[in-house]
Amino acid sequence: MAIGKRLLVNKPAEESFYASPMYDFLYPFRPVGNQWLPEYIIFVCAVILRCTIGLGPYSGKGSPPLYGDFEAQRHWMEITQHLPLSKWYWYDLQYWGLDYPPLTAFHSYLLGLIGSFFNPSWFALEKSRGFESPDNGLKTYMRSTVIISDILFYFPAVIYFTKWLGRYRNQSPIGQSIAASAILFQPSLMLIDHGHFQYNSVMLGLTAYAINNLLDEYYAMAAVCFVLSICFKQMALYYAPIFFAYLLSRSLLFPKFNIARLTVIAFATLATFAIIFAPLYFLGGGLKNIHQCIHRIFPFARGIFEDKVANFWCVTNVFVKYKERFTIQQLQLYSLIATVIGFLPAMIMTLLHPKKHLLPYVLIACSMSFFLFSFQVHEKTILIPLLPITLLYSSTDWNVLSLVSWINNVALFTLWPLLKKDGLHLQYAVSFLLSNWLIGNFSFITPRFLPKSLTPGPSISSINSDYRRRSLLPYNVVWKSFIIGTYIAMGFYHFLDQFVAPPSKYPDLWVLLNCAVGFICFSIFWLWSYYKIFTSGSKSMKDL
């Protein structure tokens, strides 16, 4: 009995989420013969979660004349089906003009081609605008394409990352599966892709593949995957300085000068871009069409930010009316300078110390710099820094896990105004509660309400254990107090938003309050990522 107790006490140091319902649900599959089962359980549960979110409304449902992102994606499937490639980036730009790189256009073409096989009226040119089938056939098809895209691009990349890291530091298979489930159950991505409606998981999955190839030291393949990510959604450029610095350093500085490696990487990068843009040149009208594509995917004329977003420009615009005091060209320059200053230390650190265990942190610092300071940022863009942030759920450091959990909650909170507009109130609340409960954030409550017969693992039923009396909070008192304070602020905001009307003179006051809370938290987390970069240089992947 004493040995068993000693093992139970030592266990939390080995597993990331020992004190969580997720650990307990997967605990019965610890025997060697059952270790393949957790992956299938996680896979099925991740798909079910996405399906249940998809049962709700989507962006722009029943809101003519422009509707929303659902209609935008459907419209791109429509025009790529019926128009020559030379018109894809020119057609009716006042409606939902195509404004993503060619890989998104080809993806839309393929999905539209398959969808037309089931029902051509879904994508009939011009006649299908705002189409909402009474039998929900179109909605079902569109939702299923996002799930399949998740399964093909995002799921394998995440599972591979957690397995690679787990094997590197001798983590148990069950620990690897728990880390994968925490990443796959991230609520923000699920709600935007499967609720609001987008295909961000394709871009993020391709980026994760690029990260995996860096870990495996397949540098040319990493470059190819990253270019594919950029060519699907240009926001992947938020990671570009780090990938550039890492690949350059690994070619010219570490372990030694290797011109052959640099040549192969450069060729792979240029060849991938050339292959993807070649159809626009040869089938779409030459350089004129490529120029129009680039003009569409970098819409500088729209302004420094769109709607309300938790970044520097939107929050400080309350005090300094940038659009009134500066020209668009000036704002472009200022945002460029601020963004470069923000990511330059991370880029230099990557160039001088291209270490694998620093990759998540430098990617966080770089992408968060773009989110906070760059031009034309949307609230959904927080999904870009959330990828490397959420990959840190593979960490075994309690403090890292607590901060990752907290910033994921903050990110979800900043998406509330958008999700509220889409009518995704229930999905927002349930996703927040479920994701936090699964990783143990309600551990101080759970064992007091669940009988032991419903707890298959050892930790959740141990009410007296210290791990069961605390939620996922850091050890540091200052951090703990600040995080609790932000949760109180978030709760207070939701109370105001639900029960108190904003002043008629300031109708966006509550939304700006949401942005202010998010901006403060994101800025502090961004600084924390730099702290980790400069204090973790001598560590290894085992210390991630």
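Backbone N, Cα and C define each Cβ position, glycine as well.
From a predicted model like this one, the values you see are computed outputs, not experimental measurements.
According to Swiss-Prot, the protein has these features:
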{"type": "TOPO_DOM", "residues": "1-35", "note": "topological domain 'Cytoplasmic'"}
{"type": "TRANSMEM", "residues": "36-56", "note": "transmembrane segment"}
{"type": "TOPO_DOM", "residues": "57-104", "note": "topological domain 'Lumenal'"}
{"type": "TRANSMEM", "residues": "105-125", "note": "transmembrane segment"}
{"type": "TOPO_DOM", "residues": "126-145", "note": "topological domain 'Cytoplasmic'"}
{"type": "TRANSMEM", "residues": "146-166", "note": "transmembrane segment"}
{"type": "TOPO_DOM", "residues": "167-223", "note": "topological domain 'Lumenal'"}
{"type": "TRANSMEM", "residues": "224-244", "note": "transmembrane segment"}
{"type": "TOPO_DOM", "residues": "245-263", "note": "topological domain 'Cytoplasmic'"}
{"type": "TRANSMEM", "residues": "264-284", "note": "transmembrane segment"}
{"type": "TOPO_DOM", "residues": "285-332", "note": "topological domain 'Lumenal'"}
{"type": "TRANSMEM", "residues": "333-353", "note": "transmembrane segment"}
{"type": "TRANSMEM", "residues": "357-377", "note": "transmembrane segment"}
{"type": "TOPO_DOM", "residues": "378-398", "note": "topological domain 'Lumenal'"}
{"type": "TRANSMEM", "residues": "399-419", "note": "transmembrane segment"}
{"type": "TOPO_DOM", "residues": "420-425", "note": "topological domain 'Cytoplasmic'"}
{"type": "TRANSMEM", "residues": "426-446", "note": "transmembrane segment"}
{"type": "TOPO_DOM", "residues": "447-481", "note": "topological domain 'Lumenal'"}
{"type": "TRANSMEM", "residues": "482-502", "note": "transmembrane segment"}
{"type": "TOPO_DOM", "residues": "503-508", "note": "topological domain 'Cytoplasmic'"}
{"type": "TRANSMEM", "residues": "509-529", "note": "transmembrane segment"}
{"type": "TOPO_DOM", "residues": "530-544", "note": "topological domain 'Lumenal'"}
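Between the transmembrane segment (224-244) and the transmembrane segment (399-419) there are fewer than 3 Cβ pairs closer than 8 Å, counting only residues 6 or more apart in sequence, so the two stretches are not in contact. Here the topological domain 'Cytoplasmic' (420-425) is broken down by DSSP into helix, strand and coil counts: 4 helix, 0 strand, 2 coil. Contacts between the transmembrane segment (426-446) and the transmembrane segment (509-529): absent, as fewer than 3 C-beta pairs lie under 8 angstroms at sequence separation of six or more. Outside the topological domain 'Lumenal' (378-398) by six or more residues, the chain places 13-16, 158, 161-162, 165-166, 169, 171, 175, 179, 182-183, 186, 188-189, 192, 196, 198, 200, 204, 207-208, 211, 235-236, 238-239, 306-310, 359-361, 363-364, 367-368, 370-371, 404, 407-408, 411, 414-415, 417-418, 439, 472, 474-475, 522, 525, 543-544 with a CB less than 8 A from a CB of the stretch.
Comparing 36-56, 146-166, 264-284, 399-419, 482-502 for CB pairs under 8 angstroms to the transmembrane segment (509-529), the maximum falls on 399-419.
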